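What TrEMBL records for 7-101 is domain 'Pyrroline-5-carboxylate reductase catalytic N-terminal'. According to TrEMBL, the NADP(+) binding site annotation covers Ile10, Gly11, Gly12, Gly13, Asn14, Met15, Ala71, Val72, Lys73, Pro74. Summarising the annotation, TrEMBL assigns domain 'Pyrroline-5-carboxylate reductase dimerisation' to 165-269.
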Amino acid sequence: MDSFPTLAFIGGGNMARSLIGGLVRTGLPATKIRVAEPVPALRYALAADFGVAVYADGPAAADGADVWVLAVKPQVMAQACTALADLAQTQRPLVVSIAAGMPSARIDGWLGGAQAVVRTMPNTPALLGAGATGLYANPAVDAERRAIAETLMKAAGLTVWIADEALMDAVTAVSGSGPAYVFLLAEALQAAGEAEGLPAEAAKALAVQTLVGAARMLGESGEDAATLRQRVTSPNGTTQAALEAFAAGGFHELVATAVAAAVRRGRELAAAG
Ligand SMILES: NC(=O)C1=CN([C@@H]2O[C@H](COP(=O)(O)OP(=O)(O)OC[C@H]3O[C@@H](n4cnc5c(N)ncnc54)[C@H](OP(=O)(O)O)[C@@H]3O)[C@@H](O)[C@H]2O)C=CC1
Ligand SMILES: O=C(O)[C@@H]1CCC=N1
């Protein structure tokens, strides 16, 4: 990736750290990455862990970088972009946003207009190259810049282009927030194991490896989730008893309600930003 453009991350929090870790892991030289992060401890940790150049403010990091990755919270996006507007008008970078909910047109407007904006939604397994990212490009993004955005996010794992920007809130609700749902299931399974008398360490090890093993089967077997589930479920056995309890508790409806709440929140964040 030696010929890859220079990147400036605006915001060096949790998601930026995962993306930077993924990029460095796949061989992007740290000298290609700059990060603007106002919190000194976060800034210094990024410099120490990955060898990237760090700055206290956005314009200092962005000046001269080919790609700006906007990695601040949606609530501060307006302020972060406005501070970059003069530079954006003279330098015309490729702008890649990772913010939940925030429409590309608003980012474009805060940057002064006529900007090439790719709105993306990655997730934290990016740190291991095991992420999933949805991408939407506004009409100002040409084929070459589309390819740059895709290469950038491929360092984080799977990429999926989304043609209709309105669907980016659904991407956020499924895969952006999704790792938290899996971690919640791990917590619940561990707690249930403990409630049934397992020592805490054993419950944790069994719950974690079960999720890791099942996820690998989903990813590597080529079989769909329903088929794999049925193979675990002996007629009138233990799994059937558990699955019936899930169904009686409205598991599918609960997941749908949770995803709908995340979609709604994405739209609210756009309105509040
Ligand atoms: N966490 C996740 O799993 C995912 C997050 N996202 C998106 O990524 C974005 C960042 O989320 P996340 O990493 O969790 O949030 P964090 O709060 O961890 O990171 C954002 C960082 O940006 C800093 N910041 C605030 N204003 C500026 C500025 N003007 N210039 C530079 N840095 C600034 C913040 O400092 P301070 O705290 O002082 O404000 C904070 O350290 C959000 O828009 C979110 O929607 C997308 C996918 C997944
Ligand atoms: O919780 C959030 O708003 C962000 C977006 C997706 C994951 N984390």
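Here, residue 1 is simply the first one shown, and the rest follow in order.
Glycine is treated like the rest: Cβ placed from N, Cα and C.
Since this is a predicted model, take the numbers as computed values, not measurements.
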> What is the Cβ neighbour count of Gly12 (NADP(+) binding site) at a 10 Å cut-off, with all protein chains included?
Replying inline: 26
> When you look at Ile10, Gly11, Gly12, Gly13, Asn14, Met15, Ala71, Val72, Lys73, Pro74, which the record names as binding NADP(+), what is the longest CA to CA distance in angstrom?
Replying inline: 14
>> Same chain only, sequence gap of 6 or more: which residues have a CB within under 8 Å of the CB of Ala71 (NADP(+) binding site)?
In response: Phe9, Ile10, Gly11, Gly12, Gly13, Met15, Ala16, Leu19, Ile98, Ala99
> What kind of secondary structure is Asn14 (NADP(+) binding site) part of, going by DSSP in three states?
Replying inline: helix
> For Asn14 (NADP(+) binding site), what residues in its own chain, 6 or more apart in sequence, show a Cβ-Cβ distance under 8 Å?
Replying inline: Thr124
>> At a 10 Å cut-off from the C-beta of Ile10 (NADP(+) binding site), count the other C-beta atoms across all protein chains.
In response: 29
> What residues, ordered by sequence, lie under 8 A Cβ-to-Cβ from Lys73 (NADP(+) binding site) and sit at least six positions away in the same chain?
Replying inline: Gly11, Gly13, Ala99
>> Looking at the domain 'Pyrroline-5-carboxylate reductase catalytic N-terminal' (7-101) alone, can you tell me the average pLDDT?
In response: 97
